[in-house]
Each structure stands twice: as C-alpha cells, then as structure tokens.
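Features as listed in Swiss-Prot:
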ACT_SITE  LYS121  active site, charge relay system
ACT_SITE  SER196  active site, charge relay system
ACT_SITE  SER220  active site, acyl-ester intermediate
Amino acid sequence: MPPPLQAHRLLISHRRLPTPARRRFTAASSVQSAPATTLAPGPATSSILSIRESLLSGERTAADITSEYLSRLRRTEPTLRSFIHVADAAAEREAEELDRRIASGEKDAVGPLAGVLVGVKDNLCTANMPSTGGSRILDGYRPAYDATAVRRLREAGAIVLGKTNLDEFGMGSTTEGSAFQVTTNPWDDSRVPGGSSGGSAAAVSARQCVVSLGSDTGGSVRQPASFCGVVGLKPTYGRVSRFGLMAYASSLDVVGCFGSSVFDTATILSVVAGHDKMDATSSSQVVPEYASELVSLDLLESKPLNGVRIGIIQETLGEGVASGVVSSIKGAASHLEQLGSVVEEVSLPSFSLGLPAYYILASSEASSNLSRYDGIRYGGQVSADDLNELYGESRANGFGHEVKMRILMGTYALSAGYYDAYYKRAQQVRTLVKQSFKDALERYDILISPAAPSAAYKIGEKINDPLAMYAGDIMTVNVNLAGLPALVVPCGFVEGGAAGLPVGLQMMGSPFCEGNLLRVGHIFEQTLQNLSFVPPLLAEGQL
C-alpha cells in the first residue's frame, strides 16, 4: 500500500537526470471553454460518493436511485441507443434487495459500490444476460458466468444496468460497426460517440448510468471518452483480469472504465483490479485504494503539482491534428504549468511507426482469436452440405465487413512468405515503441497528448474510408503496444454542435503508476472552474 498523501502533495518520485535535448513548452492560450450547458460550470463531483452517503444517511433508497437512472435512460435511449440490452427488471429487484438488507441492519450491505448503476460493454460476459460482442454471430448468446471485472463489481454492491453498444468485437472507432444499432453522441446526436466503447462512454456522458466498463485494445476507452466529455482510464496491461472479455488482440486487450469524475473512475479501478487465477497475464501487484489518495479541492495547495515533470509529445501536435484540438491541449498544458508542474516538449521519433505496427499485430491476433466462431463451438449455425461450407457460411453470415477485413489482413500478415516482412517487423517496431516510452518516462513523470486528432465527427463521415478511420487511432495505439496506463480527462471544447464538442487530454505514465495519473488528473479536473462537461441533452431540470 503506498503511503498517504503528505502535506497534500502529489506523490510522484522525481528522478534528476542529465538534461537531454528538449524545448521548454510555452503557450499563451488557456483552456478553451464553451457555453456547454445551462448548468453552472464547476469541478466534477463524485456520483459514487453521493449515492453512498445518501444510502447511509437514509436520505434515499437504492430503489429511488435506480428509478431515477432508469427514467433518464428511457427518455434518452431512443436518441442515443447506448445499450444493446437493458436489465431494468433485474436492476429493480437488486435495488429492492439492497434496501431490505440496509433496513434490516446488515453491516456489509453498503459495499463501496452499493446502489451504483453500471453499464457493461457487451464484449464482457455477464451471467444470464445477452453478451453479443456487437456481432450477429453471437446474437442470443447468454454466458453462464460473469467476467472477473463484472463479478468484482457485483461483489462490491454495484447493480449492472445493462450491456452497452460497441463496434463488432471491438474493431472500430465510431460504434457504427455494431451489428445491432448506431450509438449517437450526447453532445450532438448527428455525430459518433467514438469507439469501440462508444455505448459505454455515451451512457456515462448522458448519466444513463453512474459508471461503465469498456475495453481498450488501441484506444477504445480513451477516444470515446474524449468525444463524449467523460473520464476514461486504460490501465496497465495485466492490472485488470481479462477473464470473460471476448478476445480481439490478446497481447493488447485491456479492461478499462469510464466515469463522470476522476474520483469515480479511481474507485472503479480499485474494485476491478488485481490478480485473478483465471488470467495468467494478470499482475499480482498490490492494488492501492486509488480514490483515497485523491485530495479534495479545498485542501489543495496553490501549486499542488510542484516538482512534477510533464512531457508533451511533439509528434501529437503537428500535421493532421485539428487546430482546435491543438489549442485545447496547449491550454491544458498551460494550466498544468500554473499548478506548479514543469512542462516541456519531448520528441518520440518512433511515435508515427506505432499505427501500422498496431494494425498488423492486432489483425494477426484477431485472425487467430476469432477462429473459434465457426458455427459449431460458438455462433449461429447455418445449413450446409459439408463441414467447410458450414464454417464458411456461418462466418460469412455472422461477421460484419470490418471484422472480415481485419481477419483477412491478419491472415495475410501471418502467412508463409509474408510473416517476416509484416508480422516480425511489426513486433520489432513494438519493441522500439516500448523503449522510446521507457526512455521518455525516465525523464518525465507523465507524458501528455491529445486523446484523438479531432473532436467527434459526423455519423457516416468515415465509415467508407477505413484508412481515415484507422488514422484516428494515432494518439492511442502506442500506449497499448507499450502496455502502459493512460488516463483521459476532458480539457476543453472546439466548435461544433449546439454547444461545442469536448476535447480530452491524454496522460500516460509508467507501468502500474495509475495512481500518479489519477492524482494529476484529479487536480487538473478539480481546478477547471470555468468548464462544465454535462451535455446539452441534459438541460437544467432534466437531470
């Protein structure tokens, strides 16, 4: 267990090394604001804390809280389509049972997540609840078990509200790739929420649920968090068990989480993280109580980030990045400087190599992982004259276009004669990316960049241009290749929609240093006094 905060300072070990060639960051701009809603702007507050306190005091019941969220979900879901399945009856029963236990004085009834409504991305297995992966090939599939992350949430008292929409098997950046529906962005329903965890991000943004789980293979938590104006966390590879997560690219897949505040996100991570005997890649490192290390706004010093060294990656602010995004990130960097940190530009020359390497490696692993969906072991079965036809027709009818394309790309990269030219070289690039991040993180406590090169774009804008869509992952894939933790916190707005479109700041750190990211993210979030990240969909009086 790490030591408690002392004198309310950020606990980051700072290594003094010889000064490398780099440029001091300078920016006159401040964090961009926009008239986001009619609500008064101010720091994000913890919904989890509020729910817990109201249950303990008897001010509210779990049934009341569940009814409130279900009511909001029913009003907004026809527009957003965030959920593939809503378990409303089960949620109401669980809430009533929680109230009964509290009333009878059972001391363990109010767990850390008691009464907290959670959305679960539909590529995480949930017992006796549809788990489709966003694919027709698993339509109607109901697992007999919970994914480890889901089980731990339930054990902490959380109520699973339903399964959120996603790009099929996590392959996409818009949630348009779902076999069932297209999710829209709560900030502008003509725009995408990002992906592949777009349903989870949109649901938290619209307050359809308190928090949600997602998965992140190349940015699938962080990019939609940026597009929807919520907090998104991709933990270190191995920090959270992958048992029960439908495999896309097993060396890259990570279970992540969304919240409307850093505190809520930290609370969820503490619950779901930790070693799991069902996942050999899960880490046995001790899991801190991340939320307890966060300092309330009234206790913050005037320069709470004194001594913290932050590197802003030069390659993420150049060609191909929207000017409004660059301005927001530079404004966020200036804000971090005002809080006492030293912000300098740092170059990662291998940064641009990560994107092609990622798509080769991820597609190669997907071509193997998805071979299990053959119409016999998993998936809907079609009538056929022989076994080969059964395999072919089941997969042709069950998989969508993007999934088929990535399977073909991965099979090609692994085939004889091309393995060395593609897969082997991509693995070599991955090693290079890991080393470049390791070197940079020996000089800086945290690295920052945009979470995406643009804000949310129009539905249909890139669906027929896969290269343009893939290029949108440039900011996030390197973190997965390196296995590092990353946190996205809303930092500003760009023009678009009726009230502006949110932009997210990505913070990256060393392995298993989620606590550092959460502490910096919390301080950053709590000192953004002039911004509100509640979407216009939830106008005053409709919350």
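Backbone N, Cα and C atoms are what each Cβ position is placed from, and that goes for glycine too.
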Checklist outcome for this item: Reduced DSSP state (H/G/I helix, E/B strand, rest coil) at LYS121 (active site, charge relay system) is strand
Item to check | Neighbourhood of SER196 (active site, charge relay system) by C-beta distance under 8 A, where only residues 6 or more apart in the same chain count | outcome: GLY134, LEU166, ASP167, GLY170, MET171, GLY172, SER173, THR175, GLY177, SER215, THR217, SER220, PRO224
Item to check | LYS121 (active site, charge relay system) CB neighbourhood, other CB atoms within 10 A | outcome: 35
Item to check | Other CB atoms within 10 A, centred on SER220 (active site, acyl-ester intermediate) | outcome: 36
